[in-house]
Amino acid sequence: MAKIIINGGHRIHGEVTIGGAKNSTVALIPAAILADSPVKFDTVPQILDVKNLQLILQAMNVSSTFENGNLSIDPTTIRESDLPSGAIKSLRASYYFMGALLGRFGRATVTFPGGDNLGRRPIDQHIKGFEALGATVTESNDIIHIDASDHGLIGARVALDTVSVGATINIILAAVKAKGQTIIENAAKEPEIIDIVTFLNNMGANIRGAGTDTIRITGVDTLIARNTHTVIPDRIEAGTYMSMAAAFGDGVTVRNVIPEHLESYTSKLIEMGVNLEIGEDAVHIFPSEKLQPVSIKTMPYPGFATDLQQPVTPLLLMAEGESTIYDTIYPKRVRHIAELRRMGGDIATVKPGEIKIGHSDRLIGTTVEAAEIRAGAALIIAGIMADGTTVINNADHILRGYDRIQEKLTNLGVDIAIEGIDLINLMP
Ligand SMILES: CC(=O)N[C@H]1[C@@H](OP(=O)(O)OP(=O)(O)OC[C@H]2O[C@@H](n3ccc(=O)[nH]c3=O)[C@H](O)[C@@H]2O)O[C@H](CO)[C@@H](O)[C@@H]1O
Ligand SMILES: C=C(OP(=O)(O)O)C(=O)O
């Protein structure tokens, strides 16, 4: 396991350019196997999740190359194979191979997905969608078999019981080549869903309504890539750097941002009194003065993202008064709290999903654990703010999803080292 070591106490300044969205990329790569031609992506983030998805592709005889953010995938030689369970378990998004393989072969056998422990992460809505399209789903020994090979997938109406990013994308992937029309009601509206749909439609898919709660998919026979797909900027990475800059910056410009994707987040920063200048595709964060406490509730998009709940906590420690966070999406996603307390933060979980944050004058570096990716991001910010040295163990969780973090933080003036992982060989 990797560790990140930060010698804190130096305010950050300068510029940082945001990479392509992890949560788009991890769905775009499985989606690529639906194509009947090679596909190309650019601004792909350099993260462990991409490496593990490439390993899964390799097992299916799908070749891929990745250099400087340019990812090429050739799915034309794909064959059905056993998938490497280590790579499947390393990230949640491996579950998108269920929908993608089902769309490609009419059946899929995939180990139950792993990924970060945020509390219970059921996939019943994904399965409900596959079954509605005519697939039989069985589970044995942690392996899920989904089969519609007898009669093929037939378009259907699926009303999701919960707004789910994963289920919405997985049903789109299964339905894109199914016979007839599929309608997803109560669909998630995240920008990453629009990105996947843009990629598929540019290849000839017929998907309407992405970004609203009703998505209509009319199945097509072939998908051919005719251009390079540029991944949308990572709004969670952007929010993480904005939090850092507002908490402990002397003027930071965050570039390659779609400000509309961050509205619920920036409106909370503004409510706190953070001084921002929002441009067309960049946000400048001025040094903060007196910050007000706020109350935050995580919600499906366009609400405040659960993935920004943790990165905002170190900033809330700077506010002069008590702030509250309610995580309605993943109430057990609070594993950063005990670690922030150990660094001197006045922060506690008072009920499941409810966090109270008081003003904390000073954080002190110590050894902490990154239990999941965004908890790790919170600890990085706290480590930058803290006096002394912070050692973050289990940092692989962070490297799963934060593009070139050492380089970006060093450019902002952070004294950071990563040990226990060969970053040069991060990409196969
Ligand atoms: C790879 C990726 O894009 N991951 C994101 C995705 O995760 P993930 O796909 O796990 O999250 P979902 O949007 O699917 O889940 C949202 C909520 O619905 C529930 N649910 C979900 C599916 C299901 O079949 N049944 C069910 O009950 C979940 O427990 C959760 O409470 O969205 C989360 C919520 O925005 C983000 O934190 C993750 O970063
Ligand atoms: C929890 C996350 O990722 P995953 O769903 O891949 O575990 C995240 O991106 O915050």
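Placed from the backbone N, Cα and C atoms, the Cβ positions cover glycine too.
TrEMBL entries are annotated by machine, without manual review.
Residues R92, R121, P122, I123, D124, Q125, D307 are recorded by TrEMBL as UDP-N-acetyl-alpha-D-glucosamine binders, and the candidate that the same record lists for that site, out of I73, I154, I285, I329, is I329. Compared over the binding-site residues K22, R92, R121, the count of CB atoms lying within 10 A of a residue's CB peaks at K22. Between D116 (active site, proton donor) and R92 (UDP-N-acetyl-alpha-D-glucosamine binding site), the C-alpha separation comes to 7 Å. Mean predicted confidence for the domain 'Enolpyruvate transferase' (7-409): the pLDDT average there is 96. Listed in sequence order, the recorded positions among D116, P122, Q125, D307 whose CB lies under 6 angstroms from an atom of ligand 1 come out as P122, Q125, D307. There are 20 other Cβ atoms within 10 Å of the Cβ belonging to D116 (active site, proton donor). Sorting the binding-site residues D124, D307 by the number of other Cβ atoms within 10 Å puts D307 first.
Residues D307, taken from the binding-site residues P122, I123, D124, D307, are distinguished by a CB atom under 6 angstroms from ligand 2.
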